[in-house]
C-alpha cells in the first residue's frame, strides 16, 4: 500500500501532462522585466510580459516605490478595514477615480482577487450573471463563488446575448452582464456599445474587466469605457495595476455606493492585508505619468503596428487582434511548445499558450509588444520568427 503522503495521485497527473506535451516549466528572470532580459542565463528579446508601457523597470516608478517604503514601511501590517488603510491607499484610489472619470475606486491585492470578490458581492440568490464565453478565469471563478444563477453567451455574439436575455431576464431580480474589455488570448475588443445597449434595453447591470485595456485603450490608457465614450453607462469597471501600470494589484471603479458596499462585503478586501506601500507608491507614479502625456501609449501602438506588419508579410496566422496582443497561432500543442523553444534558442522569448488556457488545437505563442521595445529589437524578433517558422515548415 502506498503512503498517502507521497502524493501518488498527483505524480500520475503530472506524468500525464508530460506525456501529452502539456507540462510547462517555469522560466526564471535574472533581472528586471524589460524589453530585453536574461532568462536562465540567456539574453533574449522579451515578447511575453504584460508590461505594455515599459513601466515595470522605469526609474520614476522605482524612485516612488523607495520613497513610499521610507515613509510608510515595507507592509500595511493589517487588513485595511482594521488598521491597514494608509493615506497612500486613499491617495491611489482618489487618483484612479480621477483618471477613470468615475465617482470612486477601491484597490485590491490583485486583479484576480478583484474579480473574485466583486462579482460575488454584487450578486445574490435570485440574480443572474451572464458572461462572455471567453472571459478571464478570474471572472469564471468569481461567478462560481456567487449565489446567483449563471449563463454564458457565445463570444462577442450579440444575437446570442439577446437570446439569453429574452429567455431569462424576467425570471430574475438583478442581471449582471460581464465581459472582458480586451480578450487576452486573441487581442480582440469587446463590443461594449452593443452590450451596453442591450443591458439598457433589458434593464441589466454591466461589468467590464479592463485588465488588458487599462493603460492601452482610451485617452492616455483610460480603458474600454473611455475608448467607447460610455462614461455613466457601465456600472462596474475593473482594472489592474499589474500589467500596463507595471506594478501589482487590481481595482474596481464605479458609483460611490458600489464602492461603499464593497468596502463592507468584498471578501478579498476584508480578509487580505492591504497592498504594500512600495507597490502603491509606484502605481501612483505610473498613473501620473499617463495623465501627463500620451507618449507611452502612442509608442505602444506604433510598435504593435510595426510588429504585426512584419509578421503579416511572413504569412503567419495572427488571428483578428485589434490590440498590441499578437498571437502567432500554431494549432498543435506539441508543435507550439517546440516553436516557442526554438524561438528561445534563437534569442526570442515568447511563451507558449496551450490547452487548458486556450481550446485544444489552438495553441499559440502570444507576442506582447510594449512601448519599451525599440524598432531594432522588433525587427530582430521578426527575423527570428522567420528563421524558425521556415525551419519548422510553419511558413
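Cβ coordinates are placed from backbone N, Cα and C, and glycine is handled just like the others.
Site annotation (Swiss-Prot, ligand pyridoxal 5'-phosphate) includes 111, 112, 209, 210, 211, 212, 240, 241, 242, 243; from 131, 184, 220, the additional listed residue is 184. For residue 111 (pyridoxal 5'-phosphate binding site) paired with residue 24 (substrate binding site), the C-alpha to C-alpha distance reads 23 Å. Working note on the binding-site residues 184, 357: by count of other C-beta atoms within 10 Å of each C-beta, 184 ranks first.
Residue 136 (substrate binding site) and residue 243 (pyridoxal 5'-phosphate binding site) have their C-alpha atoms 15 Å apart, to the nearest angstrom. Residue 357 (substrate binding site) sits 10 Å from residue 184 (pyridoxal 5'-phosphate binding site), taking the C-alpha atoms as the reference points.
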